[in-house]
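A.B. asks: Supplied in structure tokens, the structure appears directly below.
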Amino acid sequence: MDNRSIGFFDSGVGGLSVLKVSLGEIPRESYIYYGDTLRMPYGVKSKEDIERYTCQAMEFFRSKNVKMAVIACNTATCYGIKKARELFDFPIFGVVEPAVKESLHKSKSKKVALLATEGTVNSGVYDKFFESYSSNIYIKEIGCPDLVLAIENGDLRDEVIVPVINKYLDKFEDFEYDALILGCTHFPIVENTFKRILAKFDRKVQLVDPAEITINELKEYLENHDMLGDHDEESIDFYVSSHKEKFKSTLEKLISVNDYKISLSEKVLD
């Protein structure tokens, strides 16, 4: 048993989609969530900046004595996880490799579409993982900066989100994919909207949300290393670097916070 907290890190609200899965699958834990809302979006930042931001977040988690951390951000996973694992001695999980493995499992045609940030696409990390698992795979990647910002702004109404999703899905018009990776943790927040749009156009596409397989791997690690928590009252300490009230509004739409002991603070990392 290990009652230390699990840390979750994202550039903003996207990591809440991963945290939500963890809350359902791994009860009796305490969590610390850091959203770097001041410096988002990460997709347009340099590799060096993202690596630095990621390591700053891991240093913050170390100061909180976490037992492990999840980089619940595809872009930060692509650019920051390697350095973070070199510098910190607690387990650090990312969301990219689990997404690749799940998409290979779900795709029958071996044609996979990826929606992500421009930074994730430009990193080439998804390509490298696909090549390491399969030589017989076709992947088409599209950067979606407008969708990231739309979700981060918290207005999830169809009239706002649907046109943005359609704009990016149209770029796959000539690509007969059967698996679509939601390669930014913001995107599963509007997963049901994706499903409705794809159903309307009669596209039989399997959506790949990295959250579920990532959390399954995390849970297995906790069980195998006797690190599961045993808290009577589950707690989540949220920290953001700016826009606390906007973050709170989105949080309340996604997670039933009344079920947990919650705190929300602003903290800028340097």
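Each residue, glycine too, has its Cβ placed from N, Cα and C.
Among the features that TrEMBL reports, substrate binding site is placed at Asp10, Ser11, Tyr42, Gly43, Asn74, Thr75, Thr185, His186. Annotation comment: TrEMBL describes Cys73, Cys184 as active site, proton donor/acceptor.
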A.B. asks: Around the recorded substrate site, report the further residues of that chain (criterion: Cβ within 8 Å of the mean position of the Cβ atoms of Asp10, Ser11, Tyr42, Gly43, Asn74, Thr75, Thr185, His186; site residues excluded), sequence-ordered.
C.D. replies: Gly12, Gly14, Gly15, Met40, Pro41, Cys73, Ala76, Thr117, Thr120, Val148, Cys184
A.B. asks: Would you mind sorting out which of Tyr42, Cys73, Thr75 (the recorded positions) have a C-alpha within 10 A of the one on Cys184 (active site, proton donor/acceptor)?
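C.D. replies: Near Cys184 (active site, proton donor/acceptor) by Cα: Cys73, Thr75.
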A.B. asks: Please classify the secondary structure at Asp10 (substrate binding site) using three-state DSSP.
C.D. replies: strand
A.B. asks: Between Gly43 (substrate binding site) and Cys73 (active site, proton donor/acceptor), how many Å separate their Cα atoms?
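C.D. replies: About 10 Å separate the Cα atoms of these two residues.
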A.B. asks: Over all shown protein chains, what is the count of other CB atoms within 10 A of the CB belonging to Thr75 (substrate binding site)?
C.D. replies: 35
A.B. asks: Give the sequence-ordered list of residues that share a chain with Asn74 (substrate binding site), lie 6 or more positions from it, and have CB atoms under 8 Å from its CB.
C.D. replies: Val95, Val96, Ala99, Ala116, Thr117, Thr120, Gly183, Cys184, Thr185, Pro210
A.B. asks: Report the same-chain neighbours of Cys73 (active site, proton donor/acceptor): residues 6+ apart in sequence with Cβ closer than 8 Å to its Cβ, ordered by sequence.
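C.D. replies: Non-local contacts for Cys73 (active site, proton donor/acceptor): Phe9, Asp10, Ser11, Gly14, Gly15, Tyr42, Val95, Cys184, Thr185.
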A.B. asks: Listed substrate-binding residues Asp10, Ser11, Tyr42, Gly43, Asn74, Thr75, Thr185, His186 - what's their greatest C-alpha to C-alpha distance in Å?
C.D. replies: 12
